[in-house]
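A.B. asks: Provided herewith is a single structure, encoded as C-alpha cells, for subsequent inquiry.
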Amino acid sequence: MQRENLSAISEFVFVGLSDAPEIRLLLFVLFLLLYLATVAGNITLLVAISTDSHLHTPMYFFLSNLSLLDLLCPTITVPKMLGALLLEHKEISFFGCLFQHFFFIAAVGTEIFLLTVMAYDRYVAVCHPLRYPSIMSTKLCAQLAVGTWATGLLNSLLHTSLVFTLSFCGPNKIQQYYCDIPPVLALSCSSTRSRELVILVVAGVLGSSACVVTVISYIYILLEILAKDSPGIWHKAFSTCGSHLTVVCLFYGTTICTYVRPSFNYSPHSDRIVSMLYGMLTPLLNPIIYSLRNKEVKCALKRVISQVRRV
C-alpha cells in the first residue's frame, strides 16, 4: 500500500484541553508539577534500589522495571501536552503521532504484563518462602523482565500497524492530549470495524490473561494465609502484597475501561479523565505507594537522602 493511500493529511491537532488562556496556564503549572514530582519520585526509587544492597532481590528488581516504565509513560506524552498548553503548538506530524502511539502503548502493555509477573513473584514469596531464592533465580527474573518488555513491544507493534495503516483524509483534530487508539480511530475515513475487532480481541485476550494470572496468584496467597492462620500472618501478607495489589487495581481498572470496549462507547471527555489516571496519576502514585507501605524502601530512601545531604 502506498503512502498516499494511507493518509491524505500530514499532521494531527490536539484539541483535548481547554483553549481558555487563564485555564490553560493553570493546567500547565498543574501538569508540570505533577510531571516533575513523577520524575523525581521514580528516579529516587530507582536510585534507592540500585544503590542499596538490601534491595537487590527479585521483588525490587521488578519494582525498578516498574519505576522505569512510570518514567517513560508520562515522558512520552506530557512534554508535548505542556508545549500545547504554554506555546499553543498543538500540531504533531503523522509520523510523530505514530511513534508517540507506539511507545505509549508499548509502555502501558509492558506495565500490565510486569504487574502480572510481580503477582507471581508475591505468590512464590508467600506460598513457597523456603524455595523462593531457587525459584526466583536471577536467570528467571531476567527472562521474565525481557519477556514482558518484548511482549509489550510486539503488542504495540500490532496495534500501531492496525491503526496507522488506515486512511486519514478528513478531520485531523484528536480529542485527546496524545495519540491514543480510540481518538485516532475516530478520525479514519475508512472502515475500522474489522480492525477494531482485532484490537478488542487482542487487548481482551492479553488483558484478561494478565488479570486471570494475577487473580489466581492472589487466590493461592489467600488460601495459604487461611491455612496457616498464625498470629500476625495477615499483617505480614498485607505488608508483602498490599502495595502491589493497590497498584494493580488502580492500573488495571483504568486501562481496561479505555481499551477493552467497543468504539461506540467512546467518549472524549470521559476518556481524557481516565487516560490521565493511568497516564499521569498512576506513575506518580506508584513510588509513593511502594515507599509508604514498605519499611525497606523507606530505610533505603532515608539513606539516599542522607548521602545527598552530605554531598
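Each residue, glycine too, has its Cβ placed from N, Cα and C.
Because TrEMBL annotations are produced automatically, they should be read as predictions rather than curated entries.
Found this in TrEMBL, in case it helps:
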DOMAIN    41-290  domain 'G-protein coupled receptors family 1 profile'
TRANSMEM  25-48  transmembrane segment
TRANSMEM  60-78  transmembrane segment
TRANSMEM  98-120  transmembrane segment
TRANSMEM  140-158  transmembrane segment
TRANSMEM  197-221  transmembrane segment
TRANSMEM  233-253  transmembrane segment
TRANSMEM  273-292  transmembrane segment
A.B. asks: So are the transmembrane segment (197-221) and the transmembrane segment (60-78) touching or not, going by 3+ C-beta pairs under 8 A with a sequence gap of 6 or more?
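C.D. replies: No, since the transmembrane segment (197-221) and the transmembrane segment (60-78) share fewer than 3 Cβ pairs closer than 8 Å, they do not count as touching.
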A.B. asks: Determine the mean pLDDT over the domain 'G-protein coupled receptors family 1 profile' (41-290), rounding to the nearest whole number.
C.D. replies: 83
